[in-house]
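Peer 1: Just dropping this structure here.
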């Protein structure tokens, strides 16, 4: 492979790109059908839509894993860097997609469907026992998948690699241990400090349409998400999806607890601006999209927490909030609002957790997944192990399994090795922001909630590469060092030490 | 082929149905992407969406016309009536789809793209000369397509068959001549009678959201279109599309001339309720969908004109209109409204035409298409021929070609043989309604704007069959005779004779 960008593209490369373009188009159609199902589809359409989605998924997979794709990938000689990255990523995807026999994938899909239905019923009845055999099966399949995919150190690595290419369970374990040891004392000190703040502001009346409109307006003004290439819709569970870098969709949910809509929108905005920033040269190729779930989450968390839960942000946007929701802001100022949306409150439920306690929900799940996969923990003993760790980390015992071990959908969907990416994203968000703020202009911008320079830095150092660099490459190239818990731990101590008036919290 | 419904389905049939199901799912994905493009897609997404749509269209065509489909269709032995109809319709579609060589289809597609762009510019500049060479090319391709498709009597038949299976140019010509001769005198008499009605009511203030909400509400109450299986959205040009019989979409457009939104919505509702009524046994097969464009149009026109422009309709819904738009109805009653929405007004523009003059716009186009195809009329002479006929039929001369020969998109899209279906639909709408109203309960229902019994009749006699019967079979089975201009002509004389106070207009 030469690196001359101007070399003529071979016929094989042209044919490969045509084929990958078609695969990308089919995947986009499936994504659009899914998005539409969640946002606007009439109820009765669900059954046939399920069949349509299944056909599209099957055809996309069949076209990509076709021997013809394999032959092209084997013989192609990319003539420039762009094509080189496309071939590299496509080869990796092809290898991964064809390594699992069709029979295995079908068995896995069926078991997941059954497990998902069992989980819905089990959570409703808070009855872990009826879900247990399905979780056993999920773990068996996960072990077998790890064997089929292959790994050097630990079977968990093969699963983690589905979501965080190149990451190892050993690395995650080391980083998490450090994070745990240095954050637990902070939680204890915050608990000891007491909390006299008034959080009733967070459920003051804020009309649904006004919530959505304010969240969307600020997503544009502060973070650059515009209606010319993006849409906001409502769905039961917020998500971001996209069908090209100029076709981004975020969804939101409106609740009496209005921060769910606002911060949820800005979270999805972070995901969307990542996809927006991916270079156009990866259009309709497997290189488009984010480098990993963790890197994606770093962007959503950066926007949601590091920016939108900062004091400069509310100094700038408080007056607009007051205009949009006068009942919410009555008697309040920017500092008061900042204080209210930064409550540290250990709770049972992961998705409701604050910046300080969130990662403990992840560490707990990671440790339990590892023990289950290794066979050191029996599925039958899982609820007890869950509750014990919850007590250790957050001082709480779930009143029932619905609010404990059964709360998340992931395991019922066979997503083993997925959870760590949430915490890795949190850690990376601060590491990236601090690297960016080494530039005085970006640091100054953040102090005035002027995020243009920061967004340019993120596009240049993270977004543009799509999947052409690994998460590790992006992290080291952008921040000058491997992923570490240091920046996040320091950030927590700095921010919450000040909020809770803790002495010597800076470390 | 046996006709025992309970016979076991052969493996070949199972494989054929699986394949046809996948083709149907791909087509549904393409339709959804098109719908979304017109209703909600961000502007910048257009370029890539075009590529995605093109890929889906190509894959759908490739999968259906694959030799494997041909082999299955050749060897399958359907074991029951349902499968028999599926095989019959699929064989017809396959034969038609494979009869045109790929090179021809590609040349046609490219010429259509070029003609469409030329037409957009020509219409804007009202400059027929720049469009003329493209129309020449469209006619050449149409002649060649007719030869490739094959025909018994007239090349036009092969084109007409694309939209109205089994219909012949000779039959259309005979019906149209009768229609023309018996409607022209009515137009003359209406013109002579004068018109003192006040039509300013049609542009009185009616807020956009209220227009859409009222149109949608009545689509449900009067015609049975419900949010559980349908949606209403806005688009530049109103249309109906669907992705299954439980996934119907209608679009509307809001204008100061508010009848455009109301009657447009009810027009699309007619199309939607046709698709809704197609039997579930044709789901995900080529038998789903309407029998032809003409039969489809008969349903939209029946709802839009025969029902929603009737006095009983407004007797029933006037009070709701008054509630939704008090400024519109001020000083008006149901009879006054009925009078205002039934203005006969010869005009240059087809899409704005009333029930009496509309068909003349179609007859004019049909006659010109035929003359062009036969080579009796040169493209260069078309504007003159257009204007002469417009003068003959409606006593008008277009001030420019933009309001004359260049007004419609169809010819620029290669749609030759399409126009007649609009008029055939008009004729069939009355023929069907009268057949239904032979049942006293249905007739009585119509007098009270209670359309439940009528809808049941239409479902039973038209909708349920999908494409399993031809338009001719449906017409003769449902009305007891072939399509004729008689019912429509009598309807016009009856209705407009009364509105315009013409003596002895009943004929």
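Glycine residues also receive a Cβ, built from the backbone N, Cα and C atoms like all the rest.
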Peer 1: Looking at TrEMBL, which one out of A:255, A:283, A:297 binds Zn(2+) in the same site as A:267, A:271?
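Peer 2: For Zn(2+), TrEMBL names A:267, A:271; of A:255, A:283, A:297, the listed one is A:297.
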Peer 1: Which are the residues of the chain, A:267, A:271, A:297 excluded, whose CB is within 8 A of where the CB atoms of the Zn(2+) site average out, their centroid?
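Peer 2: In sequence order, the nearby non-listed residues are A:240, A:268, A:270, A:296, A:299, A:300, A:301, A:303, A:304, A:425.
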Peer 1: For residue A:271 (Zn(2+) binding site), what is the tally of other C-beta atoms lying within 10 angstroms of its C-beta?
Peer 2: 23
Peer 1: Would you mind checking how many other C-beta atoms are within 10 angstroms of the C-beta on residue A:267 (Zn(2+) binding site)?
Peer 2: 24
